[in-house]
């Protein structure tokens with residue numbers, strides 16, 4: 001390995017008064033050929049620099065890090081799959097500690113009526129695991145700090161916050177041990193989600209976009225608050241008059257008893273969770289009262305809430321595009337810096353040799369398909385690559401690679417060739433879809449016919465025969481497709497792999513059923529043998545048959561677009577899901593601190609099992625005892641139930657009685673963060689994915705082969721067609737200000 005370069009020494013410099021080409025410091029500008037150990041070391045260093053810069057471009061990473069040989073080795077080691085896997089495992093481990101720390105979630109149920117005593121870890125067990133995690137994070141921030149340098153470290157708020165969070169966590173950890181794990185509050189538990197957020201650049205971008213969008217959200221939020229307050233005052237005046245009928249009085253006592261109760265009732269109505277319950281007492285006596293509640297719902301739920309959704313979508317999309325523009329600039333900077341490094345190896349300092357690019361590609365961590373596509377492009381180029389041609393090579397990152405399908409087997413017999421054409425045709429797939437539909441219909445028919453029959457009394461003779469016939473057809477279909485396409489061609493299609501796997505599982509289950517319970521016959525109700533009863537075996541087979549029906553999705557254009565959108569969301573939602581997980585984590589820890597132990601059985605224990613004296617629709621009558629904050633897992637489920645906002649007024653009322661009226665602030669704030677903000681952000685991403693698939697599908701052409709090949713559309717590629725390419729001047733200006741890549745003018 002080459003000797004490390006001093007940081008004060010520029011990576012590439014321009015000789016004063018020279019021709020403007022880039023050369024190594026200490027080497028005359030007119031030198032065209034360099035020989036000796038120093039030249040070989042310099043060449044190795046330049047190749048290593050190009051490798052790291054291209055890997056930075058692939059991953060949208062910043063190139064503002066050290067460029068000496070030791071730092072390059074450390075950078076590649078840090079970003080290797082092994083190190084990143086260890087870091088991800090550490091983040092998972094420190095977040096998962098909340099499930100076993102006091103209060104432990106290791107109990108079969110969270111219901112206060114039946115919950116057994118959970119196992120509590122001894123003092124020092126979780127603290128020891130946490131210490132290992134903190135050591136890994138200390139090493140992580142140290143490596144990052146060394147690679148970017150102290151000057152850049154001070155300017156990076158995420159790295160500074162990383163250091164502060166680590167220091168606070170270590171101090172709080174020391175306090176825990178000194179108090180023998182009996183401290184009432186662990187501050188570091190609230191800080192743990194930060195380790196997840198700082199490890200993802202997409203999460204950072206998303207958080208930045210949310211922060212930028214808050215001002216626009218706040219304007220509509222203020223309008224919602226004014227709307228809510230005005231109607232609360234109207235409601236108090238309307239239902240607390242001098243002369244009141246029974247409907248007014250019941251409405252007042254139930255929903256408008258005082259100002260906080262009225263405000264809460266209308267806030268819940270804003271989510272339609274208590275509609276029409278909230279207006280029934282007054283509406284039953286006079287239908288004119290419905291105007292008040294309908295007007296409130298029209299203005300608040302249908303107009304203002306949807307306006308908030310539109311603003312969140314529009315503003316967040318704009319800020320996300322701005323953030324992704326920075327990512328595109330990072331990618332272009334990485335490839336341009338790699339070009340400048342490699343061009344310094346040519347005698348004239350202009351252009352890049354294809355053999356140098358091939359050497360770099362051998363070391364770059366890139367999937368083989370994209371490597372092969374770049375190599376194919378490289379073979380069609382000349383002796384030297386210009387900056388534009390070099391950039392075109394690595395535009396491959398933005399395109400999907402379509403693999404060529406394996407060739408079909410060739411048969412000599414005319415009969416076999418005709419059979420191959422028949423069973424390889426798409427109409428044969430349509431026949432298979434019809435058979436799968438027929439199988440599904442038969443299962444549904446028997447489910448309807450046997451709905452009122454107990455499982456042990458059902459006669460599965462006819463359904464067993466039909467399932468056996470359908471499974472034999474599935475097996476025959478699989479074998480005929482293998483005959484027509486060849487084994488490699490059959491396995492090349494994900495749809496065929498899905499079909500084949502389920503067919504093999506169904507065949508194994510059917511053979512096992514016949515071996516244990518013999519062939520179906522009328523009155524086929526044998527005793528349970530082995531691990532599963534006949535009913536369990538039949539039910540498992542039916543479940544797999546229903547699951548196999550998903551094979552029809554690729555055959556239907558609209559369904560295929562929707563399915564591909566869902567698959568893309570699974571990948572694109574990682575950043576959004578990670579932030580939502582962090583929010584859940586923080587609110588769950590806060591909820592445990594505020595409400596742990598407040599949900600208790602009433603003194604009259606007969607109320608819990610019978611609920612005869614509990615008010616209708618109350619926490620006790622609905623038996624919501626498992627929804628509490630007595631441990632971390634229970635807190636997560638309770639927060640989920642509140643986020644869905646179905647019956648969330650039950651939680652508001654219950655915890656107001658259990659913990660006090662201030663508890664409403666916690667739940668309302670959680671509703672704002674989760675349901676109002678985050679659900680709308682997810683909706684924005686779903687809309688953007690679907691519109692892109694529907695209106696702009698195919699804008700990224702495949703590199704070669706089948707134009708119908710599919711690839712996952714990342715968030716970066718989702719907006720690529722509307723992003724602006726950085727100019728040459730912008731790229732060179734950014735490179736000239738690189739802290740460790742000094743380009744002398």
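The backbone N, Cα and C atoms fix where each Cβ goes, glycine too.
Heads up, TrEMBL stuff is auto-annotated, nobody curated it.
From a predicted model like this one, the values you see are computed outputs, not experimental measurements.
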*Which stretch does TrEMBL mark as transmembrane segment, out of 184-209, 262-287, 288-313?*
288-313
*asked:* Can you identify, from 665-687, 688-710, 711-733, the stretch that TrEMBL calls transmembrane segment?
replied: 665-687
*Over the domain 'Ion transport' (86-316), what is the model's average pLDDT?*
88
_Given a Cβ distance threshold of under 8 angstroms, which distant residues of the chain, six or more beyond its ends, lie next to the transmembrane segment (575-595)?_
95, 98, 103, 185, 189-190, 192-194, 196-197, 200, 202-203, 205-207, 210, 628-632, 635-636, 638-640, 655, 658-659, 663, 666, 670, 673-674, 678, 681-682, 685, 715
